[in-house]
């Protein structure tokens, strides 16, 4: 049986502070030392947030993109297969896009994708066709008309340099004198390093990333970064130089 005092207390309107506590489900309990702690039920933490590397909702955007950055959404049609042509929508935020179109009177096809540019970093390939620009169909437009629409839509995009950001790394195999030069345009590199007699050597190459696609091999030793010899540098300094340079590259994620 509930006493009148208890009933009155339960019916008493809550203060704003009490309502806030109820809303957030985190009521504070004062201890003898006037310290506050959360009850066990309240100690649930928000799910850990991981960096999103994969595109969502079928629209691919690089990780540095934000809603305030102008973009151009282009819908492509992949070549017809046994299951039909697949649509791919990509949000471009830098120009030039790096795509060349044929002179087909209807649905011109992409004939070339410039190395290191936005289109290549998102996986656009030769043979694809453009279906729409910012949601507007271009199915009935000629090549020149599509190019004019793209040029007009890209006016507000950030301009990349005439040559996209890149990083050059030179390696040599252990106990060998021949050097191998690689130019990276995209990240992640997919390379793992370890210290060996004061220098940095590759201990693992992850498949599907830039290093593997370029042909970097395990046990290769870093000899220069962007043309600067690393002899005399500490292992930690070499890693920092690679990290700093790779942050300027266009993000592409893992590719097939």
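Residue 1 is the first one shown; counting continues down the chain.
Including glycine, each Cβ sits where the backbone N, Cα and C put it.
Pulled from TrEMBL, these are the features on record:
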- 95-162: domain 'PDZ' (DOMAIN)
- 187-255: domain 'PDZ' (DOMAIN)
DSSP puts the residues of the domain 'PDZ' (95-162) at 15 helix, 18 strand, 35 coil
Averaging the pLDDT values of the domain 'PDZ' (187-255) gives 91
